[in-house]
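Each remark here refers to the structure printed beneath this line.
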Number of protein chains: 2
Amino acid sequence: MANSQQMANAIRALAMDAVQQANSGHPGAPMGMADMAVAVWGRHLRHNPTNPNWADRDRFVLSNGHASMLLYSVLHLTGYDLPIEELKNFRQLHSKTAGHPEHGITPGVETTTGPLGQGITNAVGFALAEKLLAKEFNREGHAIVDHHTYVFLGDGCLMEGISQEAISLAGAWKLNKLIALYDDNGISIDGQVAPWFIDNTPERMRACGWNVIGPVDGHDADAIDAAVASAKTSTDKPTMIVCKTHIGKGSPNRANTSKAHGEPLGADEITLTRNAIGWSSAPFEIPADVYGDWDAKEAGKAAEGEWQQRFDAYAAAFPVLASEFARRMAGDLPRHFAQTAVDAVIAAHTKAETVASRKASQIALETFTAKLPELLGGSADLTGSNLTNTKSTPALRFAENGDVVQVEVQLGDETVKVGGRHINYGVREFGMAAVMNGIALHGGFIPYGGTFLTFSDYSRNAIRMASLMKQRVIHVFTHDSIGLGEDGPTHQSIEHAASLRLIPGLDVWRPADTAETAVAWSVALSNRNKPTAMLLSRQNLPYLAKKDLGDISRGAYVLSEPADVGLARKAKAVIIATGSEVQLAVAAQKLLAEKKIPVRVVSMPSTTTFDREEAKYKKLVLPEGLPRVAVEMGVTDFWWKYGCAAVVGIDTFGESAPAGVLFKHFGFTAENVAQTVEAALQRAR
Amino acid sequence: MANSQQMANAIRALAMDAVQQANSGHPGAPMGMADMAVAVWGRHLRHNPTNPNWADRDRFVLSNGHASMLLYSVLHLTGYDLPIEELKNFRQLHSKTAGHPEHGITPGVETTTGPLGQGITNAVGFALAEKLLAKEFNREGHAIVDHHTYVFLGDGCLMEGISQEAISLAGAWKLNKLIALYDDNGISIDGQVAPWFIDNTPERMRACGWNVIGPVDGHDADAIDAAVASAKTSTDKPTMIVCKTHIGKGSPNRANTSKAHGEPLGADEITLTRNAIGWSSAPFEIPADVYGDWDAKEAGKAAEGEWQQRFDAYAAAFPVLASEFARRMAGDLPRHFAQTAVDAVIAAHTKAETVASRKASQIALETFTAKLPELLGGSADLTGSNLTNTKSTPALRFAENGDVVQVEVQLGDETVKVGGRHINYGVREFGMAAVMNGIALHGGFIPYGGTFLTFSDYSRNAIRMASLMKQRVIHVFTHDSIGLGEDGPTHQSIEHAASLRLIPGLDVWRPADTAETAVAWSVALSNRNKPTAMLLSRQNLPYLAKKDLGDISRGAYVLSEPADVGLARKAKAVIIATGSEVQLAVAAQKLLAEKKIPVRVVSMPSTTTFDREEAKYKKLVLPEGLPRVAVEMGVTDFWWKYGCAAVVGIDTFGESAPAGVLFKHFGFTAENVAQTVEAALQRAR
């Protein structure tokens, strides 16, 4: 029989010692949640430390990510490739034990947490992905997808508004295999939370369709164990287990104080704590029997082995499904993808339709969703505006019993019964973004979701997190400028395109027509380690004549030369434009041609992509010495990086008026662009 | 006796006619909430249409701002300066009837709404400001501050996570004079909300300390009237009245459908609706008796007159308090402010302390909070890190009975009893920002609040809204770079300084030392029509020798010339730096001086402020022809606007490690800056 008390104390010791050694970190939460970890990691979690990528492992999310030492401790103790040296290097450069848990850095860390409230929301995404994959792939007698998602979270996560979005969605989606353990210690950084956090959390959760267990004694591993066992029996509701804990549990003088939260206990208090909890081992030393009690390698191998047998039987019975499942979980695109993408782009070019780029996106999505069953779309209550839905993505719905409702749709050439593939996220932009991160991290799906570009503000930190975690999550941001018109400045994006481009690792596309939009989608889908933001117009955009489609994917290309408007001279200036403004650049080029001023037009749908191009290509597109004028309906600051002589942009908020009126009002006319180029040429003389 | 039915139908008619005329807008919500408006605006709201600025008016917030035609209708009908021509010009350029209600454009619009969830949160700020001002200024028998805050909100607001932050805070703060009316119509843009919004909202509200009334029939003005009357009797809880309504009420074919939400009904349906509701007037015509029933001008004048009598009696009894109240509500700074600010800056200069700029901010705040009682601080659960609290700003607390707890503090030279002036917002960054917007809009306070810079992502849209509304709200963003150290990339700002600078109208300061920080605060406080973001270091910064303090407030100034490091030559290059990197620029200048390379150092604490300077000053600071090198621990893209030859910055995410290690890792050393300048000079040759 395992010694649960010493198992928990091992976490406490590692947490306080590592934080002390780093002279930085958060000992209180790991010490407080140590018994919860014993119950979940020691008795319930189905995982294989020697294969952190086992497809059917239970997922564990530490939503209160500052408790990272708890996670590092259990990963080390249960047998992941995280040697004790890494724990000694807690919070040091290039260690595997960053200040907050980082997916991709530490084996077994399912998602990067720290920004509060997002972990629980990621977990909702994990649990949703599991439920949808189970419905799609499991067959009678063959449950190859059947795992739980566990999440630890604290007061901080529950205070963050995004938690409400997560809670509401989990309830609405009846995610019965989501089990949240609430570290209810009544303390946040500013002290006892009572004056600023009076929520009756169990009642709040019940009001949103959750099963609530407890409060249980959060230091009684048996009680928590029993609660988890009970939670697993839920068939139609997610479960929250309220664990009453003491932050810094074990520390005689710091327990139950906010002092335990975010600083080392200090050598003296650590000694006192060791004595109090009966832990006599030296720092970073764990008795062999405690290691033995924690070791999950054998059990993990056995569990995965048992699953592998089941999977082999499944593969024998359903070979096509099995290989499709493997492909999906690996995140590989189907073999036909390259051809499908080319076809989509060529079809757009051939039809040359005048449509809004949001509609162009839907046209591209019609093709891609029909052929890529891993696409899982959605919108934050703007489906008809974002145009994220397609014929092959019926709305996701759940039956009363919690089951995914299946409907017949046309997928490619066949009619198949599928679960819903377009999610009504409700008016929850941040929640949508963080759920999508969880879905992508789970694997099996490529999530995309829509809202108005301006409301990317709401979801901004989750977009950043997707980028930090290198996840293929695609944001469809429509109504991307003053072209939105009458809704006015609250809804009109001004600074958003530029400020999204500043997020490291995020690709931003603002395509000008149907072909560029199809390319944008194909690149976004191909970029398996990158999130993408698509900025799409509300208003119709003409198809732009182009000779070659091959360079669009490089992010910028020469769309039109003086010769294309009948001027047999070399360009004297370059107009760079994106999205809806490329047509203006082309129109200005014509006006200038009438004055015998030869100008090149560069369409630059993705500055982030172009910036990664080789210098040679960049110079081909933007030759040195030619004055450059950028045109984009957004803040001008961004464009100086391309050495522009002038920028036609907007540095104030928009106005409420019809789009056509606003274009004139803010100077987005071919005439103004042409004049700006002329003025730039005069200054350059 | 007023004809409530026709009063409501007047709103319905104006809403459907204006939307039809604009061919754009949202008729469904105004039609659905028309009876709620009759109950609140027709029977309870204490306001004076001829003086929208009456200090003690009830505040009304339309949180579902897309229902703007409801607000424009009642403003017009009750007698505000909003003639029918303006309603005919709904959503046209320069009309007073923008797509969403805009504060500062339309008389009687208390806050700009549209981005969902923020209106209810602003309303919490309004109600808090009322409660605090009442406690501070009212005297026995003299209730000069005594008004309610009403808010209409819909499903969309309640789905947004920020609503939970608002609800929690209102409950914790026992805002009994906050009355929210929930337009519970069960429809959002994507349709019947049931599949994605299963919250039991009344239970959720009760769990957060609210008084909930209803559901009542949202089309029964008498029932709503009675509910409001009951809500007004609450002494320790905010109230939500659940009004069951039909979106598009009155429209035979559109009512209860999402089609009613966001598009004109069309001429035929409008005719059908007119017939169905018994409204025979032509578009934009209102029968005289309906105007008569709505007219609130006389009653408003009488109400304000009665209050004015009370205020006069108060002024006679407490002349100093009365003039202070008038000053505070006018938003004027005290007469001594200019001197106080100068003293703060000179004190910083004289002491020349080496402290983190977050500590420098606290030092400045000690001075300003002691002398400016209107300062109302706070932090999103990071008080000890943001250092937003001071000796004269005790924590805000409420007694069981809902009363503001008062404590004795030293304010300037006297000991006074004050209510708490530092708010523990909990871990609710977005909520904090939107509550601060409400506080600023109410008047009487200058709100400021803190969190880590990276979490400005969470509050970003509320910062934008402060800017759009031209409100004096001050954001204290500490831990502003990789200098935050071990917490790692989730907490380290990379793109944040640059992306905040892109928000139109927002001033951003990133001061380098105590004097610059004191100047930043004095400018932020003086800018009555602007929000400010202060970006402050976690780590200590040396005081930088300077000859003159006068130009700091211009946003950028020459900090050091070659002569200051013993080189009798004119500068050949300029290093521009901000905040914690200015010391690096100075150190690099010395290294270069040893190589006889004369360099100027420009400290640029506020690019946004500097950008507004006259061209002459700009050229003085950044002479043409000299290569410029910018140094900032953030994305480089921003800096090209100053024509830089090179930028020492970071275009990737940070790392978890001690700050000193990171500075070297990312090249933030004097040596690297000096080498970058040398290289730039070589290229320029």
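Placed from the backbone N, Cα and C atoms, the Cβ positions cover glycine too.
Source: prediction; values computed, not measured.
According to TrEMBL, the active site, proton donor annotation covers A:Glu429. Feature annotation from TrEMBL assigns substrate binding site to A:His26, A:His261, A:Arg358, A:Ser385, A:His479, A:Asp487, A:His491, A:Arg538. Taken from TrEMBL, the feature thiamine diphosphate binding site covers A:His66, A:Gly114, A:Pro115, A:Leu116, A:Gly156, A:Asn185, A:His261, A:Phe455. According to TrEMBL, the Mg(2+) binding site annotation covers A:Asp155, A:Asn185, A:Ile187. Per TrEMBL, the feature domain 'Transketolase-like pyrimidine-binding' maps to A:355-543. Look at TrEMBL and you will find A:His26, A:His261 tagged as site 'Important for catalytic activity'.
Known features from TrEMBL, placed on the structure.
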{"residue": "A:His26", "record": "substrate binding site", "DSSP (3 states)": "coil"}
{"residue": "A:Gly114", "record": "thiamine diphosphate binding site", "DSSP (3 states)": "coil"}
{"residue": "A:Asp155", "record": "Mg(2+) binding site", "DSSP (3 states)": "helix"}
{"residue": "A:Asn185", "record": "thiamine diphosphate binding site", "DSSP (3 states)": "coil"}
{"residue": "A:Ser385", "record": "substrate binding site", "DSSP (3 states)": "helix"}
{"residue": "A:Phe455", "record": "thiamine diphosphate binding site", "DSSP (3 states)": "helix"}
{"residue": "A:His479", "record": "substrate binding site", "DSSP (3 states)": "coil"}
{"residue": "A:Arg538", "record": "substrate binding site", "DSSP (3 states)": "coil"}
- Query: Where A:Arg358 (substrate binding site) and A:Glu429 (active site, proton donor) are concerned, what is their Cα separation in Å, rounded?
  - Reply: 18
- Short-range binding-site residues relative to chain B, from A:Pro115, A:Asn185, A:Phe455, with Cβ separation under 8 Å: A:Pro115, A:Phe455
- If you measure from the C-alpha of A:Pro115 (thiamine diphosphate binding site), which of the binding-site residues A:His26, A:Asp155, A:Ile187, A:His261, A:Arg538 fall inside 10 Å? none
- Query: How big is the gap, in Å, between the Cα of A:His26 (substrate binding site) and that of A:Ile187 (Mg(2+) binding site), rounded to a whole number?
  - Reply: 13
- A:His479 (substrate binding site) has how many other Cβ neighbours within 10 Å of its own Cβ? 28
- How many Å separate the Cα atoms of A:Asp155 (Mg(2+) binding site) and A:His261 (substrate binding site)? 12
- Taking Cα atoms as reference points, which of the recorded positions A:His66, A:Gly114, A:Asn185, A:Glu429 is nearest to A:His261 (substrate binding site)? A:His66
- Message: I'd like to confirm something. Which of the binding-site residues, A:Gly114, A:Leu116, A:Gly156, A:Arg538, has a Cα closest to the Cα of A:Ile187 (Mg(2+) binding site)?
- Response: A:Gly156
- In Å, how long is the longest CA to CA span across A:His26, A:His261, A:Arg358, A:Ser385, A:His479, A:Asp487, A:His491, A:Arg538, which the record gives as the substrate binders? 48
- Relative to the Cβ position of A:Ile187 (Mg(2+) binding site), how many further Cβ atoms are located within 10 Å? 27
- Residue among recorded positions A:Ser385, A:Glu429, A:His479, A:Arg538 with Cα closest to the Cα of A:Phe455 (thiamine diphosphate binding site): A:Glu429
- Note on the structure: Reduced DSSP state (H/G/I helix, E/B strand, rest coil) at the residue listed as 'active site, proton donor' is helix
- Item | Nearest of the binding-site residues (A:Ser385, A:His479, A:His491) to A:Asn185 (thiamine diphosphate binding site), judged by Cα-Cα distance | A:His491
- For A:His491 (substrate binding site) and A:Gly156 (thiamine diphosphate binding site), what Cα-Cα distance in Å is obtained after rounding to a whole number? 30
- Additional residues around Mg(2+), ordered along the sequence, whose Cβ is within 8 Å of the centroid of A:Asp155, A:Asn185, A:Ile187: A:Gly32, A:Gly154, A:Asp183, A:Asp184, A:Gly186, A:Ser188, A:Val193, A:Thr245, A:Ile247
- Query: Sorted by position, what residues of the same chain at least six away from A:Gly114 (thiamine diphosphate binding site) have a C-beta under 8 A from it?
  - Reply: A:Gly65, A:His66, A:Gly99, A:His100, A:Pro101
